[in-house]
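Report on the following structure.
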Amino acid sequence: MSDLDEAYQLDYFEEEGFHRQECASCGDMFWSRVERETCGEPPCAEYDFIDNPGFDESHSLTEMREAFLSFFEERDHERIEPYPVAANRWRDDVLLTQASIYDFQPLVTSGTTPPPANPLCISQPCIRMQDIDNVGKTGRHTMAFEMMAHHAFNAREDIEDPEQYAYEGEVYWKDETVRYCDELFEEMGANLDEIVYIEDPWVGGGNAGPAIEVIYRGAELATLVFMSMEQDPDGEYEMKDGNRYSPMDTYIVDTGYGLERWTWMSQGTPTVYEAVYPDMIAFLKDNAGIELTDEEERIVHEAAKLAGRMDIDEAEDIEAERDTIAAEVGVEVAEMRELMAPLEDIYAIADHCRTLAYMLGDGIVPSNVGTGYLARMVLRRTKRLVDGVGVDAPLDELVDMQAERLDYENRDTIRDIVRTEVEKYRETLDRGGRRVRQLADEYAEKGEPIPTAELVELYDSHGIQPDMVEEIAAEKGVSVDVPDDFYAVVAQRHGGDDTATEESQMPYEDRLAELPETDRLYYEDQQRTEFEAVVLEVFDRDDGDFDVVLDQTMFYPEGGGQPPDQGTLSTDDVSAEVTDVQQYGDVIVHTCDDDPGKGEFVRGQVDATRRQRLMQHHTATHIVIHSARQVLGEHVRQAGAQKGTDSARIDISHYESVSREEVKEIERLANDIVQDNIAVTQEWPDRNEAEERYGFDLYQGGIPAGEQIRLITVGDDVQACGGTHVARTGDIGAVKLLNTERIQDGVIRLTFAAGNAAIEATQRTEDALTEAADILDVAPDAVPETAERFFDEWKARGKEIEQLKEQLAEARASGGGDSEKVDVGEATAVLQRIDADMDELRAQANAIVEQGNIAVLGSGLDGAQFVVSVPDGVDVDAGEVVGELAGHVGGGGGGPPDFAQGGGPDADALDDALDDAPEILRTVANV
RNA sequence: GGGCCCAUAGCUCAGCGGGAGAGCGCCGCCUUUGCAAGGCGGAGGCCCUGGGUUCAAAUCCCAGUGGGUCCA
C-alpha cells in the first residue's frame, strides 16, 4: 500500500520556493510560499476579503467569466460552449450537470470519443441540489453556479496499443496546471504569498486521483483534480472511500474555478449573492419592503463576514454557531435572526430563480419523475420563500429576470411553464388545506393530536408539508405529532430495495468478440432488400433455432426503437426464416429457424413490406416530433419512442395536455412535410463538428459513441439516428395521429400511423362511426347530435319509469291485488308476490309502510328476492325476517331493522317461503 | 422506473356490502321598504369504464382510463 504523498511533490512547488506544512487546526497538508499556522479554509480561518477585495479590480459575473476564458485562450486552450444543465440528455447515470467534467463523461474520459478540443476551457452552468439547505444562510453557497474550468486529456504512450484511445500523448499535467492557477491569480492582482494549495485526494464516479484545493483569503476558489486512477480491487492505492484504485491509461486534468466565488473575491461584498445578482437582490429587498437602519446594516454586515463558518454539513450545530456569531457581533441571537432571516430568504430566492431559469431554459419540464421532479421541488420551494418573505411579484417574472440575464431565447415558454406550475401548486395547496382542515376538525372533536401516520399519509400521498399541517391544526386548536425523524419515517414507507435489472447475457459472448465487424449494408442503400453474404459462424440456440453471423447484411438489427427486420437466408439447399436480428458490439446476429451452414454462400431477402412500413414510421417519427416542436414549443423533446408496422409512438416532454386543436395542427404540419416530398439524407460527420453545428437537440433518442455519428436530415430537422429511412418524405404517403395520452406528468405519448397503416387506421375509425350511424339509422355526421338526443331521452325515460313504479306501487298498496293480510300482534302485515325488480319492490314496500303496515314482498323475477319493511313503532326486526325467508330459497339477506332485502337462487321455493311468512313474522315479533 | 392516494349533484365532499346524501351554488314561493340574511319547496346523479365475487356492489377484488403525490 502506498499513499499519494509523492504525487504532490511538484517541480513547480520547488522552483517557486513553496513549503509543505500541516494545518494546526485540521491537520491537512498544504503548500504555500510563506509559513503559516493554518490551511486558511473555514472553519480553520475566516473570510479575509469582505470589504477588502482580493483582486485589483472589481468584476461583474460576465467580466470575470470573460477574464478567465480569455486567459486560457491566450494559453492555447480552445473555448467551448457550455453544455445543458440537464446532464441526463447525454448520460443516464446522473440527472443534472454538477461539474464541467460531467460534459466529458463517460465517453471522453474513457478515451472512446475525442474531446471537442484539447486542451479546452469552458464555463459550465451547474446545479447542485445537495447544497439547497445552505443557500442563503452561509453567504457562499449557491445551488446554481458556473464552474469555470480548463481540461487536458492525456493518454499514456508507454502502453501496448496507444492508438486504441481517441487521443494520444500528454498535453500537460500537474506542474502546468498549478502554474496556470498561480498565473491567473497574478493576473487578477492577487497576493501570491496568501495562496494555499491543500492536498485533498479526489474520488468520484469510479475514478480517483490526487487533487489540490486552492484557498485564498479564506475562500476556496478552485479545485485542481488530476484524474488518473480507476477503481480496481487489486489496485495499489486505497482512497478515502475505502476502495482500491490503480492507474489508468488516460489521465485527465480536471479543474474547477467557481465563477461566483471569483466574482465575489473581486468585489468583497458581504455575501456572494450581492456580488452575483446585485440588481435582483435590490429588487427583491425593495419589493418585500426590507429597509435597514445603519446599525442594522452594521450587524448584518458583521454577521455575514462570520457566516462562512455555518455549513449545515460541517458546523456541528448551526444554532450554536449562530450564538457565537451573535455574541461576536454584539447582539442578541433572536434579534440577529430576525434581521437575517428575510435576507437569507431573498438570497435563496435569487439563486433558486437562476436555478429554475437554467433548468427550464435547457428544456426540463416539471414532472413527477426525473429532472422534472427536481425542477418542481425547486419551484415550489421558491414559491414558499417568495410568499413567506412577502415578495408580491409573480414567480414567472422573477424567473424571467434570471432567464433574461442568462440570454435564453425561450423566455415565453419558461414563463408559461412557471405559471402553469404555480397554478398546479396552488391547487395542490388548496386541496391539501381542505383535507387538513377536515382532519383537524375530526381530531379536535376527539380531543387528540393528529397522529404521525396521518401526517405521513398527508405528505406522501398528498404532498402536504408537516409545517403546513401544524399551522392549520393550530388554528383549530389541535396539536400535531411531528417526529424528529419524519422524513426517515416517510422513507421507510417506501422501503424495499429496487431489484437490479439483469442484463441479458449472450451465452457465446467470447466467441462473438472474436468475429469481425459485420458490414452494415442497410446504411449503404436503405431501399435495397436483397444481398449475398458468407456465413461466418452458426451458433446452436437452446430453443432449437440458430444464430447466424454473416460477413455483411442488409438486415437491420433492433435498435433506436425500430424493430428488427425479418426475411430469409437461402442457399441452394436451405431456406431459413430470419425471425430476429440483434447487434452485439459490432457483430450482427440473425436468429433463423434453420442452419444455412458455416462457410456457405447465402442469398438474403429482407421482408420488403415490413421494412417499408418500419421505415415509413421511422421517418414519420422524425417529422412528427419536428411538427410537435413547431406547435407546442422548443422544449418538446423525445422521451422515448417505439416504431412498429401498424403504428408508432413517441413520448415527448410537454407541460400540459395536448388539445384537439394542437393535435390537428401537428398532423397538418406533418402532412405538409410529407407532401413537400423532401429528400431524406444521411451523413456521417465528425461528432464534435456536428454538435457544434446543431447543438444537443441532435440527440433525441440517446447519444451514440464513436468519432463519427450518423445524422438524418429531413428538411429543417436534423437528428442523430441509426435507423433506416425512406428516401423522400413523399414515400410516407400520409401521417395520421391516432391518440395522445399523458403517460406521466410532463410527458405526452403521441401514437400515430404512417403510409398504408395510416389509411388502415382511418378506416377502422370510420368503420366504428359508420356502424354507430347504422345503429342510430342516421348519417355519420349526425351521430353526435343523435347520440346526445338519445342519451337525454334515455335519462328522461329512466325518471319517468321511476315515477311510474312509485305510482304503481301506491295503486297496488291501496287496490289490494293478490295480497294477503296477516295480523302480527298489534300490527298488520301485507304479504305479496310481485315479480318485479328490486327498485319496484322497494317502492311497493314504501307505499305499504306509509299506510302503517308491515310489507313482506317476494319476487321470482331473478332467482327469489325479498323486501321486508316495517313502519316506525312496530317492534319487528326486518333483517331477521328476511334472513329467515332467504334461508328457504338457499340464500341470505339483511339490512337495518326497518328495511331489509335478501334473496336466493331457488325461485321455486319462493311461494313456500311466503306461505311460511306469517309464522316467521309472529316468531320474530314474539307474539 | 417504483410506492401511495383519489374518482359520487354545477363546486367541495360524506357514505364504504342492503333504501344515493350534506354544504355551497341554481330555480320557485314565503318573510323583509330594500339589502344582508332567514324559512319552505324543487330541479339536478351511466356513484369514471369494463370484468369478477355475492341473494344483493357506489361500497369488496381484478384490469383499464383520468388526476394527485412521494421517492430514486
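Each residue, glycine too, has its Cβ placed from N, Cα and C.
Features reported for this protein in TrEMBL:
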type	residues	note
BINDING	A:His618, A:His622, A:Cys721, A:His725	Zn(2+) binding site
COILED	A:824-851	coiled coil
COMPBIAS	A:888-905	compositional bias 'Gly residues'
DOMAIN	A:59-764	domain 'Alanyl-transfer RNA synthetases family profile'
Taking 10 A as the limit, how many CB atoms besides its own sit near the CB of A:His725 (Zn(2+) binding site)? 26
When neighbour density is defined as the number of other C-beta atoms within 10 angstroms of a residue's C-beta, which of the binding-site residues A:His618, A:His622 has the lowest density? A:His618
For Zn(2+), what surrounds A:His618, A:His622, A:Cys721, A:His725 with a Cβ no more than 8 Å from their Cβ centroid? A:Met615, A:Thr619, A:Thr621, A:Val680, A:Ile712, A:Val714, A:Gln719, A:Gly723, A:Thr724
Protein Cβ atoms within 10 Å of A:Cys721 (Zn(2+) binding site), excluding its own: 27
Number of helical, extended and coil residues in the compositional bias 'Gly residues' (A:888-905), per DSSP: 1 helix, 9 strand, 8 coil
Sort A:His618 (Zn(2+) binding site) into helix, strand or coil using the DSSP assignment. helix
Averaged across the domain 'Alanyl-transfer RNA synthetases family profile' (A:59-764), what pLDDT does the model get? Just tell me the whole number, please. 88
